[in-house]
Every structure is written in C-alpha cells, then in structure tokens.
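Participant: These came from TrEMBL, pasted as-is:
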{"type": "SIGNAL", "residues": "1-19", "note": "signal peptide"}
{"type": "DOMAIN", "residues": "35-243", "note": "domain 'Calcineurin-like phosphoesterase'"}
{"type": "BINDING", "residues": "41, 74, 77, 242", "note": "Fe cation 1 binding site"}
{"type": "BINDING", "residues": "74, 113, 205, 240", "note": "Fe cation 2 binding site"}
C-alpha cells in the first residue's frame, strides 16, 4: 500500500473561491534555502532508462538535500492511468521506481498530453494519493508556495488545438475549451500579480520555446508568454520534448527550461526557435534547482549523474554559466 511514511511539510489549502488557483504551502529549510528536482516524461514501468534516471535522482537528491520533486508531465505512458483503481501500473511506474530515501518527499504534478488520453481525473484522486502519499496533484493547475519561490503549475494540454480533434482525449471538467483557458489565464494573471516571492517559476508540460522535436507551442506563445513577460517570471519549466535544454528569451528575462528526459529520449529531431539556445542535450536526465533569496543555481544531470550543464541566476545580474 502506501510507501514509508513521509514527514508532511506540505499543507494543502483548498481555495474557498472558485476563481482562485488552489495552493500548497511547502516550508523551505531553516536557513531559508530550497532544493528542487524536476523530471518529466517518465512513467514507463522502469523501461528506457527510467530506473537509471531515478537512481541518480536519489543520489543527487541526497547530496543536495532535496526538498521536493516537480514532475513536468506525461507521467504514465502511453495513455495515462486507466482510472484511480489502476494502482498496479501506478506503483510499477512510480512507487517501485523512485525508491531512494532522498526523494521520499512530496512530488508536485502537472499532467501531460499522454495523461489526458487515459482517465485525466485519476491523478487528482485521493485514492491514488492513498497508494503513495508523495503524490500531490491537488488540481490540474495549482500553486506551490515555498516562501522565497512560488511555483505556478499550469495545465497546458487544453491549449493545444490539435488535441481537440482527437477523440481519445478526456476533456471532462475542461470543455468548453475557450472558457477553461480564459478562466485559467485570468486566475494565473491574478496569482502572478499578487505574488511577493523572490522567484516566480511557471511549470507546464508543453514548451513555450524549444529546439527539440516538438518545438515551440504556438498556442502558449500566443496566450501564456505575454503573462510570463508582464509579471517578470524568472523561468518557464516544461517537459513534452524528451530532452534537456536551456533557452533564454531574446526580449525578456524569462528562461525556458526543458526537463523531459525521464525515460525514452534520443529522438534526434530538432526545430528552430527564435530565442537563444544556451544548451541542448537530446538524451535522458533531470534538473536540480538550488534556491536562496539571492541566487538560483541550476544543473542538468545525465543517467550516470554527470553534470551536463549548470548556470546561475541572480536578481541583480544577468545569468552566467558557472561550469
């Protein structure tokens, strides 16, 4: 049944207002710092090096004293969970894979397009959380408040028009599309405007800017990117493209970071993007983020735990590559 008990540092606060994103509060360390791991596109029962990536997440999680993990979506392949009783597959792709003690911490979840082709409501079900109490998906979009940083988890699949022409997508509680998107964007706009956190990170499944196989998501550039720029968002973090990449905007401070190397990768297909490509690795791995009130230090790791690329951000100076 449930994995070993977790000291719960995350308190779910359900918003009393329908027009407000739900929030989760997660306390940083005593010194005010926070360490986060991020991985996406992973749930394949351990196949395609998922297990190797998980092992290294455990190693780095222990070394850096990770506080929690963010999943950038496509959590279960090929078609999400069949329902909230699909516990065997859930455990085979999550509980039985991410076993290191250092990552027995809350996992904050967004959905990917593959999660939407199964039961798209299952991953928010209390029945799934009862199987593994790390699993924290209080809604399809919600906010993780961690003092120095706010993470805004955004449900991006409904933005993508082509999905609405495919009958296999589960649009319960989403359709009609225009209303859902308009409400979500307004809620996000309000939440970003109200945030007093030092760092603002928006997390979605689909990339805004990407040089990997899927490339830019046109609908997100049209609807979401203006909010990122208007509110001084520091980073947009995504999966969907099965690669690791860092891109800087050509006309704003926002960085576009892809961590979608949790399992199957090596597509060998690339796209052009008008933003500046800083780093791209067409393979498997994950991201670490070490945050303080003054600095953010980020790094990509491969399946052997090697650092592929690392960089730093401050509030008073431009980003600089540090190793």
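Yeah, the Cβs are placed from backbone N, Cα and C, and that goes for glycine too.
Let's see these features in context: how buried, what's close, how far.
Facilitator: Around residue 242 (Fe cation 1 binding site), the same-chain residues six or more apart in sequence whose CB sits under 8 Å from its CB are 41, 212, 213, 260, 261, 263, 264, 265, 266, 267, 284, listed in sequence order.
Of all Cβ atoms in the protein chains displayed, 30 besides its own lie within 10 Å of the Cβ of residue 205 (Fe cation 2 binding site).
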Participant: From the centroid of the CB atoms of 41, 74, 77, 242, the recorded Fe cation 1 site, which same-chain residues not already listed sit within 8 A by their CB, in sequence order?
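Facilitator: For the Fe cation 1 site the neighbour list reads 40, 42, 43, 44, 73, 112, 114, 239, 240, 260, 262, 263, 264.
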Participant: Can you tell me how far the Cα of residue 74 (Fe cation 1 binding site) sits from the Cα of residue 205 (Fe cation 2 binding site), in Å?
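Facilitator: With distance taken Cα to Cα, residue 205 (Fe cation 2 binding site) is 8 Å from residue 74 (Fe cation 1 binding site).
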Participant: Round to a whole number and give the Cα-to-Cα distance in Å for the pair residue 205 (Fe cation 2 binding site) and residue 77 (Fe cation 1 binding site).
Facilitator: 14
Participant: Can you list the residues of the same chain, besides 74, 113, 205, 240, whose Cβ falls within 8 Å of the Fe cation 2 site's Cβ centroid?
Facilitator: 40, 41, 72, 73, 111, 112, 114, 115, 156, 157, 206, 239, 260
Participant: If you count the C-beta atoms lying within 10 Å of each candidate's C-beta, which of the binding-site residues 77, 240 ends up with the smallest number?
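Facilitator: Candidates: the binding-site residues 77, 240. Fewest Cβ atoms within 10 Å: 77.
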Participant: Calculate the per-residue pLDDT averaged over the domain 'Calcineurin-like phosphoesterase' (35-243) and state the result as an integer.
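Facilitator: Residues in the domain 'Calcineurin-like phosphoesterase' (35-243) carry a mean pLDDT of 98 in this prediction.
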